[in-house]
Amino acid sequence: SAAAWLNPLFRIGYKRRLEEDDMYKVLPEDGSERLGEELQSLWDHEVQKAAKDLRPPKLAKVLIKCYWKPYAVLGIFTLIEEVIKVIQPVFLGKLIQYFEKYDPDNMDALYEAFGYAAGVCLSTLILAVTHHLYFFHVQRTGMKMRVAMCHMIYKKALCLSSAAMGKTTTGQIVNLLSNDVNKFDEVTIFLHFLWVGPLQAAAVLGLLWVEIGPSCLAGMAVLVILMPTQTMFGRLFSKFRSKTAALTDNRIRTMNEVVSGIRIIKMYAWEKPFSALVNEVRRKEISKIMSSSYLRGLNMASFFAASKIIVFITFTVYVLLGNTISASRVFVTVSLYSAVRLTVTLFFPSAVEKLSETRISVRRIKTFLLLDEIVKSNHGFLQEEKQEPSVEIQDLICYWDKVNVQLLSPVPPSHFPQSSLLSSILGELPHDKGVLKVKGQLTYASQQPWVFPGTIRSNILFGKELHPQKYEKVLRACALKRDMELLPDGDLTLIGDRGATLSGGQKARVNLARAVYQDADIYLLDDPLSAVDAEVGRHLFEQCICGILKNKPRILVTHQLQYLQAANQILVLKEGHMVARGTYSELQRSGVDFTSLLKREEEGPQAPGAETESRSPRSRTLSQNSVVSHTSSIRSVKDGTEQSLPDTANSIILVEESRSEGTIGVGLYVKYLKAGANILVLIGVVLLQFLAQAAYILQDWWLAYWAGEQEKLNVNGTVTVQNGVNVTEELSLDLYLGIYAGLTGATLIFGFARSLLMFNVLVKAAQSLHNRMFNSILRTPVRFFDINPIGRVLNRFSKDIGQLDAALPWTFVDFIQIFLQIIGVVAVAASVIPWILIPLVPLVIVFLFLRRYFLQTSRDVKRLESTTRSPVFSHLSSSLQGLWTIRAFRAEERFQNTFDTYQDLHSESWFLFLVTSRWFAVRLDGMCAVFVTITAFGCLLLRDQVEAGSVGLALSYAVTLMGMFQWGVRQSAEVENMMTSVERVVEYTELESEAPWETQKRPPPEWPSQGLITFDRVSFSYSSDGPVVLKDMKAMFRPKEKVGIVGRTGAGKSSLVSALFRLAEPEGRIYIDGVLTSEIGLHDLRQKMSIIPQDPVLFTGTMRKNLDPFSQHTDEDLWNALQEVQLKSVVEELPNKMETVLAESGSNFSVGQRQLVCLARAVLRKNRILIIDEATANVDPRTDELIQKTIRDKFRECTVLTIAHRLNTIIDSDRILVLDAGQIHAYDEPHTLLQNHDGIFFKMVQQTGRQEAVALLQSAKQAYNSRSRPSTTNGGVGADGNLVIFETAL
């Protein structure tokens, strides 16, 4: 039964790395679905009953009902174990008594003694077995509870209503799954001690009374006093934990924003305020951690010293009452106390503490499980007879305006009426009044494209089976054919976390393809064309929306007015009201001017929009702006460089590999400790450790010595006659007690000092490592964040730093204490029977072999456990991101099953983890039992030359090895495992860093006064070995000139910006006003250029912090800037105006409003150079116009570079730079470029559609004519000779 079936697994694990296929399948009764459903049904029942009785439902009740039976049975194991623990010291006492009354001739006594020795050894063995059986089964029960809870939490997350989503965040739900549920694993271990503990204490008290009479009460009193103090420590500790947890959440959230917005932070040169922010939170967190660590230290030290105090007090009382002390008494007492001490001071309080923690977690989970669910009203139409696939939208329209009455109040989860409208059709948004009838199945393509981790094919099929022809057709219609050919594995390419491997446009197309592939009756398309360029947009439109879908009703939200004329039915919404509806010509006839309809007062720049329902092939709507959703920010700049795909995959695998092999070098420990203190302190710590251990042993030894001296007196009984009175010689009490007290005091002082000092050093190490890592992350080039997914970087800051803060110091200190204890035990045994060293040698060899054998496998199992855990979380968070999509497609069931599969995989590895650790522990405890046996029988064999006291000392110490030894080895393995966290953190403290933020060469304060930018033979690639994205580029942007930059996806438009900002170092020279940019500090350079980035990022914090993190501007300036971009009214409506704290990454603003905030930042900075990176994504024409106007007014004196996808925004700029594959294709005024009919630019204009093209040509011509022709050498530039040459060269 000693888990021998695991041996083959260890053999495999020893030879090679374990993989997922090596694990044993989950037992059916541990399956996630089965457990979850079982619990779910009980919970639903409880909720109904509670509603009937008008009381809140109790989750704890449900859990107990579900699991009490099998758990109760396990109590028997605990009972057996604790009984043996009490009997063992009695045997020990009898054995020592034999040595006290030692009589070489009495054979009966010898045989009896052999019997007692056997008793000691047997009880040790039985303990070894029952203990581990118990632990294994209890932990398995814990696992079942955890799995069932997770299943329920996920199920709940899939049906949360929008209102409920507002009350909770993704982070919170992930937290429930990662932290709160783990409490079940811990609580089950200790629960039984709640009733066994008191019983055992009573039994021990009885035995002690028999042994040493009433004095035992004194010792027990100390125990009783110790218990509440430990419980109090526990209370305080969990209070600190919860405070720390809040701060940690805070820090990780900030880190998340820093990492996901790193590109923006670098371009704005905002590293300093952010590092200040993180350091502030971290400082608070560390101070809390320091306090809780000191608590831990006190707790451990008191645990370490408790037994000493108890024994000291007991015997002081005993001796002072006039009794004489004997070896058997001493050691029986010591052993009994140590038996009961563990239960009373460790297990019992742990049970109380874990129980209270679990209750809090259960409460949190319960609150979550009681959140509002979405009303599944539209289940009805699934069963309806489908006579006509077309859908009566008539019903729908009549009532839309009524629904919109409710939409008047801005709805938190959706920021603009069209999306609100779609969400109410989807049933995501409950409607108060009005009727909403949907007949037929819906599919939905969301505005922010959502992909889940998996292959591209699985993303498109989304659970439907594959029909090759249909699939090909959909791919072709969605323009994904070519992309698939470019990707390494075609449509089987794995999409990383949040779709990292795809560009924004590709994700949008996959999103659309998913909707199209489903055979539904109604298609709701929320601005699906916004993320793609004109050419692809037109293709999608004709092939897909008016091609494949031409006979289906579809509702399309779009911001582009020029395409509406073909729609059958147009709805214009404003502020949640329907302003007009009808066909294009009807609307024109009614004299409603669209643009005037779309006034600026909407609650969000997105508000105006048009719902076009098209039922005929002739309907055409096309939107041609570009949005790159938040989630793809990680790849946004490299929109076109698909080459980065292969290396991402490799680098991920490489990082995995380097982790799991090999052990950790001594160098790392030194690095870790030196981060916390200097060499002198460390030497002091080492000395203290040894002193504490020495005092610990001496105290027991002194008792044994004292008992021995007493024994000699009793035997010889010398009586001297003094003045005729018989006086029995006695030991001088003062001397013996005094020394005893002194040793006890020393043990206490050294014990506490060493604990506190160690904790101090280790927490400081965690602090300095975090700061170093954070600083090096801030200073590393952006390329690093392109290769490493956000999750991996954040993992270092959450999991690894978490380990360094909380778990590692404790484990480290614990390990060192136990290690010294074990050495002490062996030393004591060897001093009594030197011969014991001989059998120790093979034992040590076996042990080392076992440890190596076990650790190799255990590390793999541990690794598998953590790798199989992450899909559970990533599945949850990606499901939450795509919640609407999942529901619209009715894929909840499938996602639930996937979740269960992931859970089962994790259960397999967790189960293995439990079993392997038990396998090891049983074997180790077996070795300890052998050691105890050798010691016991060794004493009997050498009975002639040993004293009772030393036998007692050796044996009572040997017995404590049980459990302690395997715990120590376990801790050493733990320390080693946790050192990998240190290793990973240290690895990140040594990243390559970009150029310094400030250099010796500071530019003049008013630089750049002109805003003249010159590119001189610039080549640029994102990494030294990456593809060159700009090749040998020469260009000059004159002061105050407005330049548009166009080119196809991947032509290098964004790379131009990266080169200008030195996000990676470009080759060649870039001058700004004659200053070579590569010579000055990065902050000096980046602060002097403003950028409006592709995906507007807002940071959590106040509105003021978002506009002006350095607090350089007055309130008036800030309000003026908001006024300029017409956000003043919006901000004034916020509850605390400027001081309102924005939700996670500004999600309570629409994309357009966020864009305006970025514009306001640029207005505040008043720089001479402004760069706009596709800033007009996802914004309705009105806001677009507003942005353009602000740029023309506020930045008239600035050089403005615009990277555009919409040609109408740049057609009237001074010059246009056309890029193609990283080289300049043409660079001239728009009108001149349009004369060349073979040019890329002319083709791009033609692609926008006939009507639009005419308008573009017209406005280019107009701008051309209205411009005064300056001389070639633009104004004051002539002064600087070489620039003139450039000008003409161009």
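Cβ coordinates are placed from backbone N, Cα and C, and glycine is handled just like the others.
The model shown is predicted, which means the values in this text are computed figures rather than measured ones.
Among the features that TrEMBL reports, compositional bias 'Polar residues' is placed at 619-635.
According to TrEMBL, the feature domain 'ABC transmembrane type-1' maps to 72-356 (among others).
The domain 'ABC transporter' feature in TrEMBL is assigned to 369-600 (among others). Here the domain 'ABC transporter' (369-600) returns a mean pLDDT of 65 for the predicted model.
The feature domain 'ABC transmembrane type-1' is assigned by TrEMBL to 683-977 (among others).
What TrEMBL lists as domain 'ABC transporter' is 1013-1246 (among others).
As annotated by TrEMBL, region 'Disordered' applies to 600-643.
Sequence annotations record features per position, and here TrEMBL assigns transmembrane segment to 71-93 (among others).
Summarising the annotation, TrEMBL assigns transmembrane segment to 113-136 (among others).
Residues or ranges marked as transmembrane segment by TrEMBL: 189-210 (among others).
Summarising the annotation, TrEMBL assigns transmembrane segment to 216-237 (among others).
The transmembrane segment annotation in TrEMBL covers 298-321 (among others). Within its own chain, the transmembrane segment (298-321) is flanked in space by residues 212-216, 218-219, 222-223, 226, 229-230, 233, 237, 330, 333-334, 337-338, 341, 345-346, 696, 699, 703, 733, 737, 740-741, 744, 747-748, 751-752, 754-756, 810, 813-814, 817, which lie at least six positions past its ends and keep a Cβ under 8 Å from the stretch.
Residues 82, 85-86, 88-90, 92-94, 96-97, 99-100, 190, 193-194, 196-197, 200-201, 204, 207-208, 211-212, 216, 219, 223, 226-227, 230-231, 234, 303, 306-307, 310-311, 314-315, 700, 703-704, 707-708, 711, 947-949, 951-953, 955-956, 959-960 of the same chain, all 6+ positions outside the transmembrane segment (327-349), place their C-beta atoms under 8 angstroms from a C-beta of that stretch. Per TrEMBL, the feature transmembrane segment maps to 327-349 (among others).
Among the features that TrEMBL reports, transmembrane segment is placed at 679-698 (among others).
If you look up TrEMBL, you'll see 739-763 (among others) marked as transmembrane segment.
The transmembrane segment annotation in TrEMBL covers 835-854 (among others).
The feature transmembrane segment is assigned by TrEMBL to 920-943 (among others).
Under 8 Å from some Cβ of the transmembrane segment (949-969) lie the Cβ atoms of residues 88, 92, 95-96, 99, 120, 124, 127-128, 131, 327-328, 330-331, 334-335, 338, 700-701, 703-705, 707-708, 711, 815, 818-819, 821-822, 824-825, 828-829, 831-833, 847, 851, 920-921, 924-925, 927-929, 931-932, 935-936, 939, all in the same chain and six or more residues away from its ends. At the 8 Å Cβ threshold, with sequence separation of at least 6, the transmembrane segment (71-93) comes into contact with the transmembrane segment (189-210) through 3 or more pairs. Annotation: stretch 113-136 has the most Cβ pairs under 8 Å to the transmembrane segment (920-943), among 113-136, 189-210, 739-763.
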